């Protein structure tokens, strides 16, 4: 199950390590195929849950790693990646809030930082050769550490299945809690959890209740709606129900409030970067509430041209994030440009949560361009409706000229 030794002078490798079956097998495989190089395991804590980190260091060392670095990125992830992305209005193919995609650049950056710290000359990831993540990670590595060799075992070794990996570890007396039966492939962070594989590979199959792990089934959610208040400053949620919170804490509180109401579930078939389509079920409870609140305030404060521009930026940004182009000049420019609009996104929103829905039902902002006096359908003293006639004649002038020329 090994390959011909492909060592090209690699002495120390930093592996993006999760403790799962794949990365547990990668550690001994690297030693065998890269001249017994030193393996440094690296795990990014992006809010996937404490249970995922318990015993991780011991497991990495038992598999053959010399060190294991667990880096807490939760606050930075929300503050510097999730919030800026949401400020652009990015949403991939009209539905996906990019939970997995946003996590990849910060993980890759931290992995490079660990590599620099320990003096490594190579980076390794456990992404398959069919997915988006291989491109995302290696694109970030190219931008941040083009001098470091990148090793992608799934594109090199001959193992094809979980059974192969389990047999490989058993041959080397490396213990694992994994089993041959794994129904779904899941990826979690503070923002969301994704589910792929199993019955989901057939788009004619409705996801079973066992797919979802974070949110309640909307059918089983409370019959009584719950209202949650969000206060926003410069496009960032700063308070939830009147309580001042850090970015990460605000997201966690919204997750806890929205998940029991079944908020944030989507089932989509998306276009992968590598060309194929894939089906995924995503749960993003707190992020869905945040997105609804930010859009509600934008409705009040952005004029027509600004909102149109933001929508264009959001569409472009969604593809950049999804395609792993975070560390590019265009991404940097779009993020910076969006900040100027975010300066006016201030106010308070009340979101109603009910059986899978998150609807902004109240909103106010000190920067609001909405004027009840101008918008009213009743009698008013500030807007003379006769003024609209001249505007309409000028607005439709091109159409009028075109029609006259056609006669």
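Cβ from N, Cα, C; glycine included.
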Joining 96, 101, 132, 136, 185, 194, 282 at the L-citrulline site recorded in Swiss-Prot, out of 171, 270, 298, 299, is 270
ATP site partner of 16, 17, 18, 19, 20, 21, 22, 23, 24, 44 according to Swiss-Prot, chosen from 126, 129, 131, 139, is 126
Comparing the Cα of residue 20 (ATP binding site) with the Cα atoms of the binding-site residues 96, 101, 128, 133, 282, the shortest distance belongs to 128
The correct three-state DSSP answer for residue 16 (ATP binding site) is strand
For residue 24 (ATP binding site) and residue 185 (L-citrulline binding site), the CA-to-CA distance in whole Å is 16
Taking only the CA atoms, the spacing between residue 18 (ATP binding site) and residue 185 (L-citrulline binding site), expressed in whole angstrom, is 13
Nearest by Cα to residue 22 (ATP binding site), of the binding-site residues 132, 133, 136, 185, 282, is 185
